[in-house]
Amino acid sequence: MNPYVYMILLSSLGIGTTLTFASSHWLLAWMGLEINTMAIIPLMAQQHHPRATEAATKYFLTQATAAAMILFASTTNAWITGDWNIPQTSHPATTSLLTLALALKIGLAPMHFWLPEVLQGLNLTTGLILSTWQKLAPFILIYQIAPNTNPTILMSMGILSTLIGGWGGLNQTQLRKILAYSSIAHLGWMIIILHFMPALTLLNLTIYIIMTSTMFLSLKNLSATKINSLAITWPKTPTLMVLTMLSLLSLGGLPPLTGFMPKWLILQELTKQNLPITATIMAMSALLSLFFYLRLCYSSTLTTFPNTNNTTTSWHKKTTQTTMPLTIMTILTLMLLPTTPIITTMMA
């Protein structure tokens with residue numbers, strides 16, 4: 001793709017999200033979401049491959065449906081209450097419809113069916129944008145209308161997302177699909193606590209973006225898209241494979257890694273809110289996700305591809321990719337847990 005066109009598309013992604021962030025009027029927020037959608041579709045279809053075209057088409061149709069629902073619900077809200085202001089959206093029917101439309105935008109269960117299929121058809125760079133940046137604008141809108149939304153809807157979607165994200169990833173061999181189900185499960189953790197402690201949702205979103213970026217950048221560096229291709233990378237880049245394995249365990253939420261922090265704080269808050277059964281279900285569903293992360297760890301670092309040559313592959317080309325973003329993200333993914341007391345003090 002022409003670098004100027006690429007730069008314009010990336011700038012449009014930034015402008016769309018910023019517009020949604022800055023708007024308090026539903027029409028402006030809707031425009032920001034539309035700019036976002038229009039900017040990422042050429043990035044999706046740039047490979048000129050049938051899978052990429054199919055992914056771009058599926059993405060366009062789901063996002064167009066969600067955008068129409070948002071427009072319909074916000075117009076209905078203005079018609080009933082006479083107010084276009086986002087935080088003042090108060091009618092129960094319109095807030096429920098808006099929450100469902102925004103859930104479809106980001107791929108929350110039960111509106112998650114498009115996400116694994118779309119992500120599977122993209123390259124890792126576009127997959128990274130879709131899994132991180134594209135979640136921000138709709139999530140901020142959900143965050144703004146959450147105080148007026150029925151908490152039962154949010155909690156049902158949260159529990160369903162964590163369970164589906166856990167079950168769906170169990171039988172996958174494609175790394176992008178595994179990351180898609182991981183994304184669904186993490187979104188469930190964010191949405192379940194939104195009504196009780198919104199600051200914790202934003203913390204979880206930030207940590208999710210850091211951890212997912214680490215995984216996508218690692219896989220891009222290794223040029224790996226299937227579990228099989230992970231098995232042969234250990235002899236080539238053992239250090240990166242160890243860090244990738246630790247990042248996977250962080251995604252699974254194991255202490256003493258960063259990923260443990262949001263899960264720990266969310267379970268603590270759910271218990272404080274007198275919801276022990278919900279907290280137990282969430283903790284059990286985290287074990288499902290942990291199983292497929294451990295499966296990836298096993299195939300990538302604990303099994304070595306059979307070969308008789310024990311020397312380093314001198315013919316292996318040096319990588320030309322920038323590794324600084326990956327280095328920063330990996331450090332954050334592995335070492336933020338000791339900052340928990342500072343973060344909890346800031347959120348209090």
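Note that Cβ sites are derived from N, Cα and C of the backbone, with glycine treated the same way.
Listed in TrEMBL for this protein:
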TRANSMEM  6-28  transmembrane segment
DOMAIN    23-288  domain 'NADH:quinone oxidoreductase/Mrp antiporter transmembrane'
TRANSMEM  59-80  transmembrane segment
TRANSMEM  92-115  transmembrane segment
TRANSMEM  152-171  transmembrane segment
TRANSMEM  178-196  transmembrane segment
TRANSMEM  202-219  transmembrane segment
TRANSMEM  240-257  transmembrane segment
TRANSMEM  277-294  transmembrane segment
DOMAIN    290-343  domain 'NADH dehydrogenase subunit 2 C-terminal'
TRANSMEM  326-347  transmembrane segment
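If you look at the transmembrane segment (202-219), the same-chain residues 6 or more away from its ends with a CB under 8 A from one of its CBs are 124-125, 127-128, 131-132, 135-136, 139, 143, 175, 179, 182-183, 186-187, 189-190, 193, 225, 240, 243-244, 247-248, 250-251, 258-259, 261-262, 265-266, 325-326, 329-330, 332-333, 336, 343, 347. The predicted model assigns the domain 'NADH dehydrogenase subunit 2 C-terminal' (290-343) a mean pLDDT of 79.
Of the two recorded stretches, the transmembrane segment (277-294) does not lie close to the transmembrane segment (59-80), with fewer than three CB pairs under 8 Å once pairs fewer than 6 apart in sequence are set aside. When each of the listed stretches 59-80, 152-171, 178-196 is scored by C-beta pairs under 8 angstroms to the transmembrane segment (6-28), 59-80 comes out highest. Here the transmembrane segment (178-196) has long-range neighbours at 103, 106-109, 112, 115-116, 118-120, 127, 131, 135, 139, 142-143, 146-147, 149, 151, 154-155, 157-166, 168-169, 172, 204-205, 208, 212, 215-216, 251, 262-263, 266, 269-270, 273, 278, 282, 285-286, 288-289, 292-293, 296, meaning same-chain residues at least 6 beyond its ends whose C-beta is under 8 angstroms from one of its own.
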